[in-house]
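J.: Pulled these from TrEMBL:
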type	residues	note
ACT_SITE	THR169	active site, nucleophile
BINDING	ARG197, VAL198, GLY199, ASP200, THR220, GLY221, HIS222, GLY223	substrate binding site
Amino acid sequence: LGRMKPVIVVHGGAGRIFREREEGCRAGVVRAALRGYGVLKHGGTAVDAVEEAVRSMEDDPHFNAGCGSVLNEKGEVEMDAIIMDGKNLDSGAVSAVKCIANPIKLARLVMEKTKHMLLTDHGAHLFAQAMGIPEIPGEKLITERSRERWKKNLEPDSNPEEFQKDLGTVGAVAIDSEGNVACATSTGGLSNKLIGRVGDTACIGSGGYADNHSGATSTTGHGESIMKVVLARLILYHMEQGMSPEVAADTALDYMKTRVGGLGGVIVVNKAGEWAARFSTKQMSWATVKDDNLHYGIYAGEEHIKSVDEALASEREGF
């Protein structure tokens, strides 16, 4: 078996990205992709790489995950995350977790340190304590922007549905030099959601799926729609039928739109290292690194390409 060329693809959420946030979103997905690629270049696994990329975006307040998560009806942050290893189909997820900086780290510990796949709310909190994950005050995760939006959505004539279009789940998929694939997805969910609402992100096959036999995918968009069609698994099914990542992604997104009226976006890598970043929303921030070239964009049809060296240099100077 020849060694694979590693590939990482990341997304910072599908939806509507306001002009004043565009640069920050672009810089954030580029940084995450470069970090994940760095892990792969140094011999790290696909699982290590997707965890690192997602952690980078959880720490970035531009995205609806970790710090910067949207608030539920009570004004609190409740987060969901999942990670999956394509080698043996192991997966770990957490849902409705509060007061931790990086839910993706906790999801990975669920995968590696328990016999379970999904821990929720209070149980996830107890497990985090047992694993020595530091608790942080909930306020630390709340940005001015999230609070503003929460307040707006509380007004009697507001339409939270309108705001849901500006989502921002984050995710990553990768293939490493051994040919193993992995995915990771993390989110703060929907603004002003009911307490205890869990979306697609924590659900295997919806928020993400990874299988060495076909590839890996991470999704973003309207969670309830994604769950109805089990979007991540649907894309891999299409690839198993011989579709390219791009055609599989478009076919599945199109089905979700026609069948349940849902919009979203996906990133995909197949077992041969071919990748795609596709969306049915107006925008989705995404970035990928393959063959030491960085590709990234936000709008349909937009694709910038830079060498990794050039990108790392401008990273260091501040994007």
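Quick reminder: no glycine exception, Cβ is built from N, Cα and C everywhere.
All annotation found in TrEMBL is predicted automatically rather than curated by experts.
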J.: Please report how many Å separate the Cα atom of THR169 (active site, nucleophile) from that of THR220 (substrate binding site), as a whole number.
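T.: About 6 Å separate the Cα atoms of these two residues.
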J.: Between all pairs in ARG197, VAL198, GLY199, ASP200, THR220, GLY221, HIS222, GLY223 (listed as substrate binders), what's the biggest Cα distance, rounded to the nearest Å?
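T.: Among the residues the record ties to substrate, max Cα distance equals 16 Å.
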J.: Relative to the Cβ position of ARG197 (substrate binding site), how many further Cβ atoms are located within 10 Å?
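T.: By my count, 17.
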